[in-house]
Amino acid sequence: SDSNSSVATTLGVLFERAPESAVAPKGDEVVFECELNLKPDRLEWRFRRGDSSEPYLYLRPSAGYNVTSGSDGLAWRLRIYVSAQTAGDYQCVAWYGPGALASTPARLALVSIALDVGQGSMGARSSIRWSVAPKNCLLIRCGSVISNPPAIWSFYRNGKKLPQSELLPGAAGALVLDTVTAKDAGNYSCVATNSITGDELRLPQTIELRVDYTDRTPPYFLQRPPIEYSARPGETVVLECPGVGSPRPRVIWSSPNVVEIYNNRSTILSYGLQITDVKPEDQGSYICMLDNGIAPPIDHTIKLSVLQRPTILRGPAATLTNESNPLLLDCSASGNPQPDIYWLINGEDATKDPEAVVDNRSLQLKRVQKRHAGVVQCFAKNILGETSEGNILRVNPLEITGEDDEPLGEVPVWPVHESNTGMGTSSTSGGSKNKSGRRKFKASMVPPSRPNVTRLSDESVMLRWSVPQNSGLQITFFKVQYRMLGDGKNRRKNWQTTSDNIPYGNAHGSGPGQGNSHWRARNRDREYEMGNPPKNFTSSVTGLTAGKYYRFRIVAVYSNNDNKEGNTSLKFFLQNGTSKSNLPVPELREVETLSESAVVLHWSLVSSTQNEDIDGYYAYYRPADSAAEYLKATVDGGMSRSFKIDLLRPGTPYEFKLQSFNSDAASEFSAIRQARTRKTHEQPASSSATPVPANKAVEQHQNSLYP
């Protein structure tokens with residue numbers, strides 16, 4: 001027959017892990033990984049410069065490229081030294097006989113920060129003057145930057161840096177003055193900092209603010225707020241509408257096409273509408289109406305787009321085609337923005353094939369040739385990412401006739417008793433289909449973040465890291481690795497691994513929970529429903545040498561017993577301290593018993609002005625009858641004065657202590673306080689917190705300086 005026929009076959013081979021994009025500074029080292037479920041005959045890496053239409057260049061070990069593989073031949077690694085010449089796209093291609101399967105590419109981007117020259121009127125003048133009535137809410141921005149990764153913002157009034165505690169959440173890159181008074185008047189300037197390199201960029205735009213009592217005026221905008229926003233599902237977005245007037249205007253939000261904009265995920269802020277845990281149904285138009293009783297009121301319309309990663313709805317079918325016959329393959333995908341689709345045949349760009357006609361969703365081969373036998377893949381790509389699905393393309397050669405002849409194109413397939421009809425391959429999900437045709441996705445391994453490092457002493461540091469909320473594999477524990485860097489006289493040391501396993505359960509604001517099987521089952525159920533919730537972690541590293549440079553990284557070990565490294569820390573110099581830290585020591589005033597598994601720490605500082613030097617606090621806790629090491633939690637923000645610690649054991653006395661910290665050092669410990677969690681079914685009672693005698697406090701301080 002001349003017609004194309006779908007074949008009840010399964011491609012069988014797929015990428016368990018594809019290379020992942022990275023942002024790194026010059027001189028750093030990155031590792032790209034590929035892992036397949038079947039050992040390939042060979043695997044090759046290839047590279048293309050960023051935003052280039054040039055063909056990929058293959059990076060063969062014989063040319064000096066650092067390519068390694070595991071003993072089973074399934075996992076492959078490529079190590080790259082980061083430079084302007086190595087920035088671009090990296091992809092691995094696995095060969096099985098004449099057929100080849102390509103992974104989704106990963107992009108290596110250089111760390112960068114620069115002024116956004118396309119920012120429009122914000123950069124047109126070096127200084128702007130605003131005069132507003134008291135009690136209004138203002139958003140102060142000096143412009144925008146292009147930064148990879150996103151910049152951290154600092155704000156200055158009359159040349160003095162404002163403490164981070166005055167930066168309200170939800171207004172990215174802006175300083176929020178919630179209720180202005182005369183003390184807020186002055187000249188404001190802004191600095192953007194790249195979070196990896198620490199490079200600072202001072203924006204030329206400044207704002208001169210005057211706060212004066214004025215006659216009654218209708219609402220108006222100091223700067224017209226944005227009219228378009230975009231967010232990913234699960235993120236938090238603030239639709240800004242910071243109008244001013246005299247008196248301060250009230251705001252009413254509405255929408256012509258979004259149902260129930262007032263819900264448990266939306267909050268009306270003084271400068272906009274905040275939506276948490278964004279969902280696709282939040283997409284649409286929002287209207288804010290500002291009115292203070294003085295005509296005319298003003299309104300502002302905002303369009304919110306909810307972005308979606310590409311998803312392939314229907315991949316290419318498995319086909320058996322006679323040589324020289326035409327073949328038409330379709331591929332459909334969804335996503336926001338709508339993804340672009342491109343095709344590969346045995347790892348090569350289909351548009352370069354003289355027989356191919358590519359029309360986004362479809363691939364037409366005018367005359368199928370023997371070289372086409374193997375694997376055809378459809379890739380869907382938008383600004384959020386990329387995915388692919390492939391299938392087998394089999395060719396009957398012209399010189400062979402008869403229905404019983406074996407077609408060309410030897411691509412490994414599962415034995416018949418193991419196959420599931422119609423399965424493609426997805427290099428981002430490792431997907432397969434069950435008997436009902438529903439796709440089962442292989443969970444990814446989401447790595448921990450780059451650790452932040454704080455000096456504790458001449459030979460120890462504290463590391464802080466996080467894991468974002470995700471639906472990937474559950475992390476069982478972490479390992480901390482570090483190495484001493486070279487200094488011109490000595491070579492850098494190999495990576496060292498600390499002996500401690502840091503459990504995933506003992507995270508920010510949580511305790512061990514041993515001895516409470518009911519709690520453990522309940523907590524597992526909660527985490528299953530949420531996916532993996534966002535968590536912060538801390539751990540100390542001891543035995544270091546003062547006066548040396550170090551790097552640190554966190555390795556996560558997952559429920560499948562595989563592991564993955566997070567990005568390395570910035571280069572950290574461990575200073576030789578000649579005196580005690582001058583950071584203020586928090587006074588732990590009370591430990592409030594909240595429940596059978598939770599307490600709340602309350603503390604204060606001698607002077608409120610000391611907040612400016614503090615980035616946050618370390619909270620330490622352990623059962624009072626235990627000589628074990630303290631568990632640790634991080635409290636962000638110098639203005640914090642309380643913190644909840646949960647997942648504790650019922651009816652158990654604990655002891656607690658605090659340190660303040662910033663990027664340079666940590667303070668001395670507070671005095672230790674004790675409190676007992678409530679017994680199961682115990683009625684609420686007053687706090688059992690009692691100060692520990694001074695001699696015991698000193699003893700515990702010495703014993704647990706490096707918890």
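Glycine residues also receive a Cβ, built from the backbone N, Cα and C atoms like all the rest.
Sequence annotations record features per position, and here TrEMBL assigns domain 'Ig-like' to 105-208, 219-305, 310-396. Residues annotated as region 'Disordered' in TrEMBL: 418-453, 490-519, 673-707. The feature compositional bias 'Low complexity' is assigned by TrEMBL to 419-434. The annotation domain 'Fibronectin type-III' is assigned in TrEMBL to 447-581, 585-680.
Note: the stretches the domain 'Fibronectin type-III' (585-680) and the domain 'Ig-like' (105-208) are in contact (3+ CB pairs below 8 A, sequence gap of 6 or more). Restricting the average to the domain 'Ig-like' (105-208) gives a pLDDT of 85. DSSP places the residues of the domain 'Ig-like' (219-305) in helix, strand and coil in these numbers: 3 helix, 44 strand, 40 coil. With DSSP states grouped into helix (H, G, I), strand (E, B) and coil, the domain 'Ig-like' (310-396) comes out at 6 helix, 55 strand, 26 coil.
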